[in-house]
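Student: Right, I'll just put the structure down here and ask away after.
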Amino acid sequence: MSKDLSVDVSPESLKEDGRPKWDNKFQYILSCIGFAVGLGNVWRFPYLCQIHGGGAFLIPYFIALIFEGIPLLHLELALGQHLRKGSISAWNTISPYLGGVGVGSWMVSVLVSLYYNTVLTWVMWYFINSFQEPLPWSVCPLNENRTGLNEECYESTAVNYFWYRKTLNITPDVTENGTLQWWLVLCLAACWGIVYLCTIRGIETTGKAIYVTAIFPYLVLTIFLIHGLTLPGATEGLAYLFTPNLNILKNPHVWLDAATQIFFSLSLAFGGLIAFSSYNPPKNDCEKDAVTVAIVNCMTSLYASIPVFSVLGFKATTGYWDCLDRNIISIINKFDLPEQSIVRQNYTTWIRLLNSSYPEKIAGLKLKSCDLQEFLDQSVSGTGLAFIIFTQAVILMPGSQAWAILFFIMLFSLGLSSMFGNIEGVFTPLLELQIISKSTPKELISGIICLISFLIALCFTLGSGSYWIDIFDSYAGSLPLLVIAFFEVIGVAYVYKIKRFSKDVKWMTGRNPNLYWQITWRYISPLLLLIVFVAFVTLQIQKSPSYGAWNPKYEDFPMKEEKVYPPWVLAICVLLAVFPCIFVPLVALFHLIKRMLGSKDPSSVPPEVFSCQGANSNFPHPKI
């Protein structure tokens, strides 16, 4: 087993290691919050609350936060701060056998950065178009002959048409690539250009940009909150969101969704948090930082839910009123009644009366069933919420242009601050591996990373690009993170050893980790991760992987056509899920073979299996 390498050294003997440093503590906390708080807080958390029993979802959500989210967040921040290294170097320091954990998290950061910035490309395209009057997604264009409305738009909606045809120009099948969409290529280049300018010198530049990208979304959310609460139907939307349905807690899917949402929302296992905390001074209360970031992240999700569902309640109420108004006009015309004789308030009474007196006439009208609950039940998350449901609601608001501009600036800021963490998870390990000469300017390295990423991400601007983004999100940005996080907590708890890790934390914070941290790190967090992993894989195996294709020739259009992935696409799905994980056993196997071969040489001294070389040499602490 590994030896305790702690030595008696006073803090004054700590030497500068040449690493950049945060300007202040607030800048560091903002960077961690900006990385953790992303698009998912606005467009996924409210959706999960909506479909999983409203306020009842908060019960498994906070349980997962306490026993999974906060312990893992503390572990990553403490690890980076103590070892003063990025993800790959940090895990190599703990044990060469765990080097694959760092390589795996680096690979996930690369893959996620590629598609995440393409989502920002869509946001930028909508932002640019928000300056038009009227908003381009509010009306259907004319057909080629200019004799009527465009057929695809007329059969769906103007909002759907602008998203699927004018933005994505989507193909009807994942196997049909289509062509590069020049408007998306230009926006993608602009997005990577902005990321480059903000990350040109690592935290020296992102630390400045984060003041805007992390704080501005809260300002916009507050503006939307104030305006949203004044909209008709806002109360119904909030009541629908937060009314608890405790019976739904019997459904294991609710607990699985809560655990995965907490995990992905805090941006665990990407390597970005380890990189961020590695720029801290060694004497810093990382425990307090972890709790602060986790609580702010969760409170942001709750805070964002209020304006989101105020607006969705407004949209549902408007849709419900439109439904009633159409029925009222039909009844008035059929029975030749005076105008204003039937209004929304007395509609139900009139329907009951006419149904009893003239049932055949009412049946012949084929009136639509108008139920507010059905309109509220139209749940959607992700791009569907941002680019379809929310944009549709914005059209109905007075001053729709201003609200559209604000909304898409907010989304861009949220996404950009998360991109800083992703890029830092890629950038920091590359600098530390000494693959690149130290004399190479950081600006050049950043430029090369962003240029290569841009060229690879061009595939997402094809007609089939949105299908591939869904694949990357479902496979590269999910399962590998669970595997990496599991080995992270196992590596610290059972390889590096909790006793030594606790000494490190005490040296940094001035107090021993209490019983809560000890139990969660040793038992609860790894067990929860294992359960979530098994449940996640089981669910994936049970259902045949499929996708919804936008096909105007589909007989049930504008419903999406449900299609099964062809074998070669399934192979890519499996590759994306397995590729980052495979480095964990491969690196361990490489070092094991290297050790076995080295032991055959009598002149060589075999290394410790669980070496902690340098773990305490950079920032040693007094023996306790």
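Cβ atoms are placed via backbone N, Cα and C, with glycine included.
So TrEMBL says this about it:
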- 28-45: transmembrane segment (TRANSMEM)
- G34, A36, V37, N41, S265, N297, L414, S418: Na(+) binding site (BINDING)
- 51-73: transmembrane segment (TRANSMEM)
- 94-116: transmembrane segment (TRANSMEM)
- 180-198: transmembrane segment (TRANSMEM)
- 210-234: transmembrane segment (TRANSMEM)
- 254-276: transmembrane segment (TRANSMEM)
- 402-423: transmembrane segment (TRANSMEM)
- 444-469: transmembrane segment (TRANSMEM)
- 475-498: transmembrane segment (TRANSMEM)
- 519-541: transmembrane segment (TRANSMEM)
- 568-593: transmembrane segment (TRANSMEM)
Student: Among 94-116, 475-498, 568-593, point out the range having the most Cβ pairs under 8 angstroms from the transmembrane segment (254-276).
Tutor: 475-498
Student: Where else in the chain does the transmembrane segment (444-469) make close Cβ contacts, counting only residues six or more beyond its ends and a cut-off under 8 Å?
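Tutor: Same-chain residues near the transmembrane segment (444-469) but 6 or more away: 110, 113-115, 117-119, 121, 168-171, 173-181, 184-185, 188-189, 192-193, 195-196, 199-202, 383, 423, 426-427, 430-431, 436, 547, 549.
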Student: Between the stretches 180-198, 475-498, 519-541, 568-593, which wins on the count of C-beta pairs under 8 angstroms to the transmembrane segment (51-73)?
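Tutor: Per the Cβ under 8 Å count, 519-541.
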Student: So what's near the transmembrane segment (519-541) in sequence-distant terms, Cβ-Cβ under 8 Å and 6+ beyond its ends?
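Tutor: Distant Cβ neighbours of the transmembrane segment (519-541) are 64, 67-68, 71-72, 75, 252-253, 256, 259-260, 263, 478-479, 482-483, 485-486, 489-490, 492-493, 498, 501, 513.
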Student: So how many other Cβ atoms are close to L414 (Na(+) binding site), meaning within 10 Å of its Cβ?
Tutor: 28
Student: Which one, 94-116, 180-198, 402-423, 475-498, has the most C-beta pairs under 8 Å toward the transmembrane segment (568-593)?
Tutor: 94-116
Student: To see if you understand the setup: which same-chain residues, six or more apart in sequence, place their Cβ under 8 Å from that of G34 (Na(+) binding site)?
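Tutor: G34 (Na(+) binding site) has long-range Cβ partners I210, T213, A214, S417, S418, F420, G421.
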Student: Return the residues near S265 (Na(+) binding site), defined as same-chain residues 6+ apart in sequence whose C-beta is under 8 angstroms from its C-beta, sorted by sequence, else 'none'.
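Tutor: Spatial neighbours, sequence-distant, of S265 (Na(+) binding site): A36, G38, G40, N41, F45, G69, N297, C298, S301.
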Student: So around the Na(+) site, G34, A36, V37, N41, S265, N297, L414, S418 aside, which residues have their CB within 8 A of the centroid of those CB atoms?
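Tutor: These residues sit around the Na(+) site: I33, F35, G38, G40, S267, T300, S417.
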